[in-house]
């Protein structure tokens, strides 16, 4: 058995009866009811707390990634054309540029794109990120009278006073904002059969609104799509919570009167089971796109190094971050500056500009119809 396969399978076996099939909705969709949902994730302090994700599974899974995905091995073949372009390992020194990434995709050499996105993808929709000095959410929480900004996502404070979280949730709830050109570019990747999986740190649900199916999403830090009672763990739909939050009521469980919390990861909570899809997805990837993230929050940030060393990595971001700054690879491509401009440039190089405009127009009409 290939060196990478055994530890990866061990990680999946630790789940017991759910097994590997629970990872793939295409085989048997397991929505993951009852998990405690991931966190706002776009914070510095989350780094330590997010490591509570099934420690044994995560340790074995990351061992699989670290031991088997590097060194030029191809644990799961992508395509012959990719092999001829990428070579058999990480020894190639050719420098790639944005145009080269576009040409690889157009040539069919990249057909299994894994995408990682953070808050920078949603800021063009009007949603503030968490860390910006003056405009970030953490800089504007004074009105909630918190002991410190991170308290709004701490369970202890939530049980003491849930009002600040639900006041913030009312602002962030899906429906308040619309997807932007970046979300629809990712939707187009899916429509063309090129998206293997999209890993998002965001809790705004705009990937879903843009039409990317749940089977293609790993919402690493949770979403408002589902919720659970913090006492009896009874599951609820996101709509149940939304109805209460929109009229400024604290959602309560009708069975035990416990507070019903959206499946957003708070500090100290575990990540959703679907996050362990990374054990399988990243070895399969033939291109990695990273957009709008600081790559500071673990374990999400470490995934940026989980693809094979022969695989091109494209960073589209405001700043140079993570391994692109301190341990770049020969096939890294970095596009810094305005996110929308950078994505539109990539779309232009791909020859998808008209298709993207048509898609955005069609989706805008659908959303306008729902709002009436």
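Glycine is treated like the rest: Cβ placed from N, Cα and C.
Noted in TrEMBL for the protein shown:
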| type | residues | note |
| --- | --- | --- |
| SIGNAL | 1-20 | signal peptide |
| DOMAIN | 91-353 | domain 'Deacetylase sirtuin-type' |
| ACT_SITE | 221 | active site, proton acceptor |
| BINDING | 229, 232, 253, 256 | Zn(2+) binding site |
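Taking the mean position of the Cβ atoms of 229, 232, 253, 256 as the Zn(2+) site, the remaining residues of that chain whose Cβ falls within 8 Å of it are 230, 231, 233, 234, 255, 257, 258, 260. In the three-state DSSP reading, residue 229 (Zn(2+) binding site) counts as strand. Each of the binding-site residues 253, 256 was scored by the number of other CB atoms within 10 Å of its CB, and the largest score is that of 253.
There are 29 other CB atoms within 10 A of the CB of the residue listed as 'active site, proton acceptor', with all protein chains counted.
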